[in-house]
Amino acid sequence: MRGSVERGWGWGHCASSPLLLWTLLLFAAPFGLLGEKTRQLSLEVIPNWLGPLQNLLHIRAVGTNSTLHYVWSSLGPLAVVMVATNTPHSTLSVNWSRLLSPEPDGGLMVLPKDSIQFSSALVFTRLLEFDSTNVSNTAAKPPGRPYPPYSLADFSWNNITDSLPATLSATFQGHPMNDPTRTFANGSLAFRVQAFSRSSRPAQPPRLLHTADTCQLEVALVGASPRGNHSLFGLEVATLGQGPDCPSMQEQHSIDDEYAPAVFQLDQLLWGSLPAGFAQWRPVAYSQKPGGRESALPCQASPLHPALAYSLPQSPIVRAFFGSQNNFCAFNLTFGASTGPGYWDQHYLSWNAPGCGLPSSGRLVPTSPGHHGSALGAPGLMLLGGGLVLLLHHRKYSEYQSIN
C-alpha cells in the first residue's frame, strides 16, 4: 500500500491534550551517492503472508545511480534500518518465517549485497521519566530522580496502514500493553516518519532544511499522565557501534536561526568519518502545538557509551539485517528543565529530527531584519546594521581613483 494523498497529521482524541514534540532528521548516503535533487519515492507496508499484518514500513528513495532504503518497524521497540546502495535497482527481501522466529538473523536483506555502501540502525528503546521537583541545577545529569522507564518493546502499536494516506508519511502510535495505573488511558506516544522527494523546509518550527536524501522523524508524547508534578521526559536511543568505537556526537553552530528558537545550534550523530550517515536535530522540543518560542524546551543529549546488547530491548529487524554479533552504543535525550515551560503545562511534548545522510553545512539563508531583531535582540540588530553601513562605505571609497 502506498501513500499518495495529502492529509494533515491528527492526534485523534488526544488532539487537544498536552503534548511533547521533538523532530529528528535521518540521512544514509555516502558522499559519492549524494547530490540528487529529486528521488522517486515509495512507502509500502510489507505484507506478512504467514499471519496478521505487522508494522514493517519500507521507504525506498531511488535516484539516478543510487537507492536509499529506510525500513521502520514496531516489532519489538521502534527501530529503523538505514541502507544506501550504488544502484537504482536494489530491492528489499523479507523472510517472514525467519524474521518472526527467535533467531531472526538473515530475515531482512537488501539485494544485491555487494551494492551496499552504507548501513546502520537506530533503536528507540525506552521512554524515560524523571522527577525534577527538587532539582535547581538545569544542567544536572540525570535531570532528576528517575522513575521506572517504559520499555517500547512492551508497547501496543496502531496499524500504520491507517496513516499512510498522508503524503509520503506514516505514523506509529502506541501505548504500554500493561498499564495498571492507567497512565496512558488518554495518552499515546507517536513517531511520525516523513520522506521527501526534493529539498524544502517544513512549515512548523524548527524548520530544518531537508533534502531528497533525508528522512524526518517527529516524536510526540500526548495526553499521558505524568507520575510527578514536575516530570521531565526523555528517550533512550541505541545505535550500532563502529567496531569497538561509538559513532561521534557533534554540535554544529550557525547563525541560521530564522527557523528555530534554539540558540544557533544543531546536534548531530555521525556514522563514519566522511560521514556516511547522520541523525540531526535542533536541541529544542515543544510543549504546545504548534511549536513556538513560548513553548520551547531545551533538549539535552548525553554522551554515547557502549551498551551490552542483552541490556537493551531487542529489535528483530536490526538483528535480522545485521546478525547477532554487533556492538551497540546508547545515549539519552531529555526534554525540558526543572524551571520554565514543561510537559506539565498541557501534557504535550514534541521533538523533531530531520535527516539521515551527510549533514548540510549550516548554510546561511536570507533573513529579514525583523527576524534578526527577535533572535538577537536590539544590540544584535544594531551590530548587523552597523556592519552593513561599514561595508557600503568601504565599497563607496573603493570606487575613487587614486591621485598621484
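Note that Cβ sites are derived from N, Cα and C of the backbone, with glycine treated the same way.
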Inset, instruction - Out of 15-19, 75-79, 320-324, 400-404, let me know the one Swiss-Prot marks motif 'Lysosomal targeting motif'. - result: 400-404
Inset, instruction - In whole Å, note down how far the CA of Asn229 (N-linked glycosylation site) lies from the CA of Asn65 (N-linked glycosylation site). - result: 54
Inset, instruction - Enter the number of other CB atoms within 10 angstroms of the CB of Asn186 (N-linked glycosylation site). - result: 15
Inset, instruction - Could you round the CA separation between Asn229 (N-linked glycosylation site) and Asn159 (N-linked glycosylation site) to a whole angstrom and send it over? - result: 33
Legend entry - Long-range Cβ environment of Asn159 (N-linked glycosylation site), under 8 Å and at least 6 residues apart: Leu53, Asn55
Legend entry - Asn65, Asn229 as glycosylation sites, winner by CB count within 10 A: Asn65
